[in-house]
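So the structure is just underneath, and the comments pick up after that.
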Amino acid sequence: MNARQSDIDTDTPIPTADKLQANEHTHFLLVFPYGVLADRIGRKKVLLLSVLGIVLCDTFKHLVTWQPDYFPLRAIWLAPLFRLLGGGDAVAATVVLAALADVYTEQDRTIVFARVASMATVCELFSPLIGSALMLKNSWIPVLLGFTVFLVGALVTLGLLPETLARKSHSEDALDARILLKPPSSFDLRTLGDRIVATLSVFQQSLVSLLAVKNVGLLLFGFLAATVGTVAAGFELQYVHKRFGWSYPYANSILSIRPSITLVVLLILVPLVSKILMERFKLSSTQKDLFLARVSAALLSAGTLLLSVSETSSLVILSFVIFALGNAFTTIGKSLLTTFGPPEMAGTLLSAMNLSASFGAVIAGPIIAVTFDWGLKQGGICVGAPLFIVTLLYVLTLSSVCVLRIPVESEDIDDDGDKDDEQDQQEAQVMLSTTT
């Protein structure tokens, strides 16, 4: 029995690490195609595919770990293959947000997105506590409970969620989704190879057309840079341990204040400030979102910079608070992104954001690892070298949202900058017409 247990303990980290890496690559490759597909065939159908893929993936993992005598633990490597069907969690989350964007107006969209994000934050706060308590009784209880909660929630959502794609009228002031999503002529060819090439061409045209719109390109770059910084949050635990000699339990207890502050920001501050900006300062919903995005990016930059130069524990804690106040950037940015394209392309826009964020997550690990290793060798303030890079990335994020220009109706265009933005969108639409 001990020999068997030793074999299991030795093998367990290997499939776990590879599984996480495979999941990341699956997410990276599939999120955008399924987002485009959601704008073609509807939100509900793609969500159904995603849920089915997630259920099959988790069921297979549970089966392998439940019967290790019949399945080698390395069989878990195959689990992400099930997520090829539907694209997994990232696609499901994108489709849900796209459906919400379909039914809520620009005035309410940011608040609704903030509420959805707050649910994830609540899970981040309480799931580890609940899971740890249940594992004391039986390690399978939290696993099966989590799977059951997801399955019930998914079934209820699929049962109650109507198809929202057809509810929105086509936009005349942005990219024509009907042109964008129209299959090219080669899609009628009967060979499988030609069909694959034609499908990839549709996805490529979708991405190129989005990047051709200046505002969308700037926001996607901002998401990429911000994601690299967010991934570095795991490094902060090691940083304060090495730099200030904090014990890991103490550092964890200090870092735990950030999700709590983020929850307050999402549930209270964002709705309150949104109301003040729109009612007292008469800002439009897009102007309000852009202002909040700029403030959030500035707080992320300031919090990271303060942490990198802090010499005392009090300044470190203050930097965590400032950083947490800016954690709504991604949520606000998603709402802002949906205003820069036609309503029927919400799935494409949000999936492009996830694609950008995924790429940022992939490159973040090596960047942080290399700079942290260099900083440890140098010692002193150089230990915070990754934080200086993260600060620079957040400054680039701030710069990207600061140069955004809000599109206006053609009859209200008064300056050359706005004319350029309108011309960019028109040129992008012409480009789509010629490529399809």
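Cβ coordinates are placed from backbone N, Cα and C, and glycine is handled just like the others.
TrEMBL labels come from automatic prediction, so no person has curated them.
The domain 'Major facilitator superfamily (MFS) profile' feature in TrEMBL is assigned to 1-403. Annotation source TrEMBL lists transmembrane segment at 46-64, 76-100, 112-134, 140-161, 216-235, 255-278, 290-309, 315-337, 349-372, 378-396. The feature compositional bias 'Acidic residues' is assigned by TrEMBL to 413-425. As annotated by TrEMBL, region 'Disordered' applies to 413-436.
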Practice task
Mark yes when the transmembrane segment (76-100) and the transmembrane segment (255-278) have three or more Cβ pairs under 8 Å (sequence separation 6 or more) and no when they do not.
Solution key: no
Completion exercise
With the greatest number of Cβ pairs under 8 Å to the transmembrane segment (140-161), the stretch among 46-64, 76-100, 112-134, 349-372, 378-396 is 46-64
Problem - Contact call for the transmembrane segment (216-235) and the transmembrane segment (290-309): at least 3 Cβ pairs under 8 Å, seq gap 6+ - result: yes
Handout entry: Among 46-64, 76-100, 315-337, 378-396, stretch most in contact with the transmembrane segment (112-134) (C-beta, under 8 angstroms)
Key = 315-337
Problem - Within-chain partners of the transmembrane segment (46-64) [C-beta distance under 8 Å, separation at least 6 from its ends] - result: 34, 37-38, 71-73, 75-76, 78-80, 82-89, 91-92, 95-96, 99, 143-144, 147, 150-151, 154, 157-158, 161, 347
Exercise for the section: Residue list, the transmembrane segment (349-372) vs rest of chain: Cβ under 8 Å, 6 or more residues beyond ends. Expected result: 24, 27-28, 31-32, 34-36, 38, 90-91, 94, 97-98, 101, 207, 210, 216, 219-221, 223-228, 231-232, 235, 238-239, 330, 333-334, 337-338, 340-341, 383, 385-386, 389
